[in-house]
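A.B. asks: Got a structure for you, written out below as structure tokens; questions coming shortly.
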């Protein structure tokens, strides 16, 4: 079976499957009872190709519009702006000088002429009644008016499907429709021959069973849809930095209004259409809208920012002009019909299993019907009544047909692929509570197979709460316990050095120092920037005064490839100076001078370089993150288009930043090791810092290799094959190094790789990995969009929890498949063999429908929602090539099926003697006993299926409320069916002793299952 599944259903991957692979398995699937339900969670390839074509068309239109506007720009630069625009009365009455449609047309068509006719960006801000420095005023009434005039920043969403839609879909099951037709004919013939109500019992029994199956199925599906809806809401929670009422604050993108002032930086998604107010080196990736991969420079000359595009480099302040469905992104979304997410590999595999068993079941059903019909004809020929047919004969023939159809119902395990979705939905909901947001279904199951985790250091293994604890300024090393220590430690430094230090810290930063609504000082920015700014303030520096004292000419934001950032400022006297900071050894290598203890600029000699390098190493060996600050005087003719110099700098000093290891990380790494998962640290930090942290976490072990990115890049393919399995730490790595490592691990070593990332440049590695894990706090929107799972608390321990849940999903589905295949095998063989040998089937259509619900919907609910336990992380990972239906499962299935078949067959032949049954009602009572024993065999088999290898199946059973509820309701309904619904279910009430015997026969299956587990089989 595994070979067949691999050939026909094995082409679908967890990520980036081709349309050809997705289409191939669909063609192989033959018997599908209910396509609407079966394929609900699979991609609609027709819709997807239609959407892709429409997107390409829209992108081309927008690209042409942008090109035309650029071409026209040179012709209109010299023209005097002319305004022919008239403000609509309602807009004017609301206090605004421009309407939403006019704003939309300016930005969407990149219309510089129209923008100039309105007086430029500042004039637009004025017409929107907003301030470029303070943002929108606080007044709620004014904000409400603004919403009415310009709209809200929300996009059209498809309406949630009601419960009755799921009922209707459940009714689309072909076999249930045929059974409904059988029930109708049974009612007509039964009432005609036996009258009401006796003649209606069989028909009404089938109808009631169909309705029960439909409503239980619909309820389960509806609950799943609600879980996915909740998760979708979480995925869409995006916040941006906004200035409102004079204060910087975080705001949901859905609360943005026209006139808001938004602060954008690398990795952010532009949340609405708008205009550039101020900023530096801003590059925007517009590929999502125009299809053009080349980034666009946005500045005062080209100030247009479109919703849905990404900030590739730089930072800016943006004036929001158009929101919601009026934006270009909103219009694009409105035209696209969703094609749905790709199906997961497990869903496809289980579709394959369902297809194989469905075909076998169909053959069995046809043969069973033929054999039962032949027995009826033979009996009538022997009676000599083959020419006279009564209503009873018609009902008997109809019952045979209903049994055959019901065998198909039981045999085609339609619930198998849906059990994956049920288990994934349950796991995703629970993982949300454990601070992990799953963006793609397949990631949940893939994480269970992970063999390697490539983790960032900062913020994932460490707390991301950084403080400067050591500094080497002018050659003097000082330690700081608190902010007051900093001021006293460096009090003897010359004023010129303190001035340069403050100038460097407060100008060369991606952070900001603001005052919040309560008047308290707040430092904004990355943890590294926050630590440096805190250090500058503790030295007595004044952020606002320093920024006002000079003018920023050019900014080069931090680049993970160069490991540095820089700024050029114009000093009050007109002179130019560049400041840079970054990786200590890289910045130090760019310096040829330094400030000595008297504050004088002197050349760097070999002894000083050795002293500074040993300082960097000593800081790093104490697990401190080191940064070097330097400056250079720049020629007066420097312009914003020139490159900031890369060498010739004067070293100001080196700071050591402490970022403590997160509590519990060492234990989590140990858990990973016991689970067969290799943890590798990939960081941009100094190698000594990385090694110190890695040892503290338990990542770097004896025999493990720590390597730097530049050295890694020089290795040949043969050397990499020898080196990569031993690499435990990669320091000073670039995003390309991370991508190369991941690609080699996946392709050369067949590892299932999980990778963490937070920056824009991590997107390729996140995309390449089997599971991309983006950081929820430190991660950029670009990284989150490329990821499969978002770690909401940026904690490595949460990644281990995700791996545990992934394994739980995989194991739970295996348990359910084992349970369902056992019922399939027994139900098929019992009904078929009985039909062939006795001319009758022991289980009626109604009884088989009830068994089908026990093993399908209720079985999935019980077994596919088992929470994970610690034992899961003591097994080796499945990896990329593990067989889903393992030898262990086949052993358990065949062992249990053999016992159940022997029991049912013995009861059929010797049941009357065993239970002492006599009289005309004995056949009905015997069939009831067989049905009851069969159901209790499934109940106890369900308990046994909780563990595939361990003998103790009761451990933790009471912790799973769903399992207990399903088992209890199954037993209660079974009692009601047997004791009170005999006319509909073809059963007779049983005595107390008979009930005890049935339960005992079912229970015997548990010790037999335990004995079967002792039989050794290969793990594959």
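Each Cβ is built from the backbone N, Cα and C atoms, and glycine gets one as well.
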A.B. asks: Check each of the ranges 155-173, 174-192, 231-249, 250-268 against TrEMBL and return the one annotated as transmembrane segment.
C.D. replies: 174-192
A.B. asks: Have a look at 204-222, 280-298, 299-317 and point to the one annotated transmembrane segment in TrEMBL.
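C.D. replies: Residues 204-222 are the ones TrEMBL records as transmembrane segment.
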A.B. asks: Among 204-222, 888-908, 962-982, which stretch has the most Cβ pairs under 8 Å to the transmembrane segment (397-427)?
C.D. replies: 204-222
A.B. asks: Give the residue counts of the domain 'Cation-transporting P-type ATPase N-terminal' (117-191) per reduced DSSP state, in the order helix, strand, coil.
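C.D. replies: Looking at the domain 'Cation-transporting P-type ATPase N-terminal' (117-191) with DSSP, the answer is 46 helix, 3 strand, 26 coil.
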A.B. asks: Sort out the residues at least 6 away from either end of the transmembrane segment (204-222), same chain, that have Cβ-Cβ distances under 8 Å to it, and list them.
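C.D. replies: Sequence-distant neighbours of the transmembrane segment (204-222): 37, 40, 163, 166-167, 169-171, 176, 179-180, 182-183, 186-187, 402, 418, 422, 845-846, 849-850, 852-853, 857-858, 860-861, 981, 983-986.
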